[in-house]
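For reference, the structure discussed in these notes is given below.
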């Protein structure tokens with residue numbers, strides 16, 4: 001079994017996790033904006049998310065011989081460790097619920113703001129819990145200022161969202177009704193996707209709406225699968241806060257699964273190694289994700305179209321992207337847990353700076369904040385700068401777990 005033994009290796013895993021966990025939401029957002037039903041997307045995503053955990057368990061979890069107190073993956077499957085297994089599965093359940101909720105929140109609130117609010121809640125609640133569960137192995141004088149940086153960044157993110165929403169309102173008010181109707185009918189529903197499919201130059205073609213304009217926003221609304229114009233944005237915030245609570249609980253649950261701080265295992269039974277815990281964690285995540293989305297196929301929420309399992313099987317439009325998102329999320333979570341086992345789960349929560357990555361993709365792929373006001377750009381730069389500080393400070397608080 002492969003174990004991360006040094007602080008440098010743990011930080012490298014956290015950085016890779018940060019990139020992966022910040023990218024997969026952008027992929028799912030892209031599919032929703034292209035009109036693919038989120039139920040179809042999440043079913044594909046769930047399959048490869050579980051496959052990533054299986055691959056990690058069969059490779060890193062089986063490398064070399066078992067060590068005292070650190071059995072290999074297959075050896076541990078037969079051991080009496082069900083209390084820890086249940087903690088791992090509980091973590092998978094809340095993560096799956098959180099991920100499922102954010103898939104709808106992205107449409108209502110936006111990719112950047114959804115990730116900022118949910119990640120900040122995860123850091124403030126989850127990191128504090130992990131600090132005490134880890135017997136304070138992280139340096140508090142560094143860790144909690146890092147938590148404070150996330151709070152400041154979250155506040156800035158809320159102001160960014162408010163400023164950008166005001167900018168969009170002005171754009172829509174200045175747009176003519178004739179353009180709203182005729183532009184969409186003449187050019188087809190895919191015009192809103194020019195920047196996503198054909199590159200930035202596509203927005204310069206005749207009949208293509210440029211990202212950041214009112215026409216782009218209108219055409220995007222007609223194309224996307226989750227319609228948000230005229231909807232109550234408060235609903236979106238409720239979904240985001242629900243997701244944030246779920247995200248704040250999954251890492252402490254995983255921490256309890258691998259370190260048994262509450263002494264639920266029988267004497268002589270080894271703690272769950274990170275790979276075994278992640279396997280059970282991902283199984284419960286898979287079951288919840290598949291079960292709920294099969295239900296949503298026939299009983300859709302938020303005004304989505306009704307579908308069926310047969311329609312899902314025939315829907316190959318964007319399936320490869322949904323599966324890529326599952327791999328990214330699966331390996332991202334796995335790397336986070338591997339780094340957390342070595343350096344402390346509180347420090348590993350630095351990957352919750354993933355809005356830094358998600359905002360980058362939001363700007364590059366979706367034209368978020370394009371043609372916004374100078375005030376919005378200043379606030380956006382301030383928010384991203386604070387996130388850079390936050391992730392650096394949390395990583396700097398890394399300790400070393402005693403074996």
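Counting starts with 1 at the first residue shown.
Cβ coordinates come from backbone N, Cα and C, glycine included.
For reference, TrEMBL has these:
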type	residues	note
TRANSMEM	12-31	transmembrane segment
TRANSMEM	43-62	transmembrane segment
TRANSMEM	82-101	transmembrane segment
TRANSMEM	108-130	transmembrane segment
TRANSMEM	142-161	transmembrane segment
TRANSMEM	234-257	transmembrane segment
TRANSMEM	277-298	transmembrane segment
TRANSMEM	321-339	transmembrane segment
TRANSMEM	345-366	transmembrane segment
TRANSMEM	378-397	transmembrane segment
The transmembrane segment (234-257) in contact with the transmembrane segment (82-101), cutoff 8 A, at least 3 CB pairs, sep 6+: yes
May I ask you to check whether the transmembrane segment (277-298) and the transmembrane segment (378-397) make contact, with contact taken as at least three Cβ pairs under 8 Å and only pairs 6 or more apart in sequence counted? no
Hey, would you say the transmembrane segment (142-161) packs against the transmembrane segment (12-31), going by three or more CB pairs under 8 A that are 6+ residues apart? no
Candidates 43-62, 321-339, 378-397; stretch with most C-beta pairs under 8 Å toward the transmembrane segment (12-31): 321-339
